[in-house]
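Engineer: Could you have a look at this structure, given as structure tokens, before my questions?
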Amino acid sequence: MSVTIKTPEEIEKMRVAGRMAAEVLEMIEPHVRVGVTTDELDRLCHDHIVNVQKATPAPLNYRGFPRSICTSLNHQVCHGIPGERQLKDGDILNIDITVIHEGYHGDTSRMFMVGKPSVKARRVVEVAHEALWRGIREVAPGVRLGDIGHAIQTYVEAQRCSVVREYCGHGIGRKFHEDPQVLHFGKPGEGLELRPGMTFTIEPMVNLGKRHTKVLADGWTVVTKDHSLSAQWEHTLVVTEDGYEILTLRCDERPG
Ligand code: MF3
Ligand code: CO
Ligand code: CO
């Protein structure tokens, strides 16, 4: 497969899908509290996407994934499966939402801190957040994917954290995961050159310890090998004539 350039009509559809994914994260925020199970969060998101938005939760049955959202807790890196575990004071949780609307995908995730996080927990959440934004601020026509990866990697490693290598951002559109792969590490000037109309995600996974990961026996949940805490934030973007537009921006991120 090759990298597609979206038409203005396609970009408008991706704006709608992106806004829906962002809105699910806004909706779920007050529910992410001590005592709630990740299954309950999954049900609330599923019902909102299907009944209110009249859209489709992309993860459900995607390559056999059994739920409508991913919930990755503490040392879980990504692709955590919602279940009966109740949130407790000090947990950090990533919720990753992907919706399909009129055939187009919007994909976004954010961290939540439950109750009072430890200093270490807050730190990995904040480093991952800044890593996403350092990557986003690189995006413009003529820039290369290696520039994005390099901006993320140098920042994260300067903070004495590590960048997960096995999973990456991705092109997105009619398909959940399209070309190109958007690595969160790299060398300046290397890789694909960005052009207006390209749509992709940036979604750095940052570990407090070493970068290595393994997949649990459920076939999905990715965890840090050394059991250190991990955090991830994700946005879907389109390259514009003079920079970027974030398609999954939430109200709590808008200036003013
Ligand atoms: N939303 C994830 C991503 O950012 C992919 C989840 S795949 C699933 O690419 F099957 F686990 F849902
Ligand atoms: Co993604
Ligand atoms: Co995602």
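The backbone N, Cα and C atoms fix where each Cβ goes, glycine too.
Any TrEMBL annotation is an automated prediction that lacks curation.
Fair warning: this is a prediction, and the values are worked out from it, not measured in the lab.
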Engineer: Given TrEMBL annotates Asp96, Asp107 as divalent metal cation 1-binding, which of Glu9, Glu234, Glu241 belongs to that site as well?
Structural biologist: Glu234
Engineer: Name the residue, out of His75, His79, His150, His170, that TrEMBL lists for the same divalent metal cation 2 site as Asp107, Glu203, Glu234, please.
Structural biologist: His170
Engineer: Using the Cβ center of Asp96, Asp107, Glu234 as the divalent metal cation 1 site position, which other residues in that chain lie within 8 Å, going by their Cβ?
Structural biologist: Ala21, Cys70, Ile97, Thr98, Thr108, Ser109, Thr201, Glu203, His235, Thr236, Thr248
Engineer: Looking at the domain 'Peptidase M24' (12-241) alone, can you tell me the average pLDDT?
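Structural biologist: Taking every residue in the domain 'Peptidase M24' (12-241) and averaging pLDDT yields 98.
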Engineer: Sorry to bug you, but what's the C-alpha spacing from Asp96 (divalent metal cation 1 binding site) to His79 (substrate binding site), rounded to the closest Å?
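Structural biologist: So the Cα of Asp96 (divalent metal cation 1 binding site) lies 8 Å away from that of His79 (substrate binding site).
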Engineer: If you count Cβ atoms within 10 Å of the Cβ of Glu234 (divalent metal cation 1 binding site), leaving out that atom itself, what do you get?
Structural biologist: 23
